[in-house]
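Peer 1: Got a structure for you, written out below as structure tokens; questions coming shortly.
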Amino acid sequence: MPSLPVPQWIVSPGLTDYAAALADMESRAAAIHADEAGERIWLLEHPPLYTAGTSADPAELLDPRFPVYDAGRGGRYTYHGPGQRVGYVQLDLTRRGRDVRAYVHALEGWVIDALALLGVKARRAEGRIGIWTDDVRGREAKIGAIGVRVKRWVTLHGFSLNVAPDLTHFTGIVPCGIAEYPVTSLAALGKATGFSEVDAALARTLPAFLDKLRPSD
């Protein structure tokens, strides 16, 4: 089968309004489904906010100090804000295997591979979605979140990676419903890494991520 076109790669400067990003994702998903637009990888940064997934428990919103949005994705509460790289991945799974679990597994692997290029040994954790590593005290800590939605086999949302956010902002929620593990970042691990380096690592590991998604016959 011929190879698929490489998804459009967009990096938005500054802070992107969350509601506007949601509307843009929905519009693009409809266009991809209608074969009126190609797939897209959209890298951006949001102002401080909390998002609630479809499994969010209101008791886990401890201090709504920032705006709270219903995201429509799977999962529970998470935080987005300055210093965090957000990746919205919009792929057509009718062309890439129609396997949501394989997609989520590959998405986790993409972020893990990118972190390896940045000198961070990250991993999956059994029963806990997301990207995990050891913090400077040797504790298992979350450095990245995964939250996806699939609509008519087109993916929406994606991942967030903590580059240098204010980690105290996570204390307003129980991140992803997991209270017993801390949150960390590249900066907290002593990695003086900016968005340009993170984006370059993601770009280098993108082909391997796409290769894991088997094109449908």
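Backbone N, Cα and C atoms are what each Cβ position is placed from, and that goes for glycine too.
From Swiss-Prot, here are the annotated features:
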ACT_SITE  C176  active site, acyl-thioester intermediate
BINDING   R73, G74, G75, R76, Y77, T78, Y79, H80, A145, I146, G147, G158, F159, S160  substrate binding site
DOMAIN    35-214  domain 'BPL/LPL catalytic'
SITE      K142  site 'Lowers pKa of active site Cys'
Peer 1: Ranked by the number of other Cβ atoms within 10 Å of their own Cβ, which of the recorded positions R73, K142 ranks first?
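Peer 2: Of the recorded positions R73, K142, the most buried by Cβ count within 10 Å is K142.
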Peer 1: If you draw a 10 Å sphere around the Cβ of Y77 (substrate binding site), how many other Cβ atoms fall inside it, taking every protein chain shown into account?
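Peer 2: So the Cβ neighbour count for Y77 (substrate binding site) comes to 25.
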Peer 1: According to DSSP, which kind of secondary structure is F159 (substrate binding site) found in, if we only use helix, strand and coil?
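Peer 2: SS state of F159 (substrate binding site) = strand.
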Peer 1: For R73 (substrate binding site) and K142 (site 'Lowers pKa of active site Cys'), determine the Cα separation and express it in whole Å.
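Peer 2: The Cα atom of R73 (substrate binding site) is 19 Å away from the Cα atom of K142 (site 'Lowers pKa of active site Cys').
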Peer 1: Write down the Cα-Cα distance for K142 (site 'Lowers pKa of active site Cys') and Y77 (substrate binding site), rounded and given in Å.
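Peer 2: Distance between the two Cα atoms comes out at 14 Å.
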Peer 1: Hey, how far is K142 (site 'Lowers pKa of active site Cys') from G75 (substrate binding site), Cα to Cα, in Å?
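Peer 2: Roughly 15 Å, rounded to the nearest whole number.
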Peer 1: Need the DSSP three-state call for G147 (substrate binding site) to compare against my parser.
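Peer 2: Note: G147 (substrate binding site) is in a strand by DSSP.
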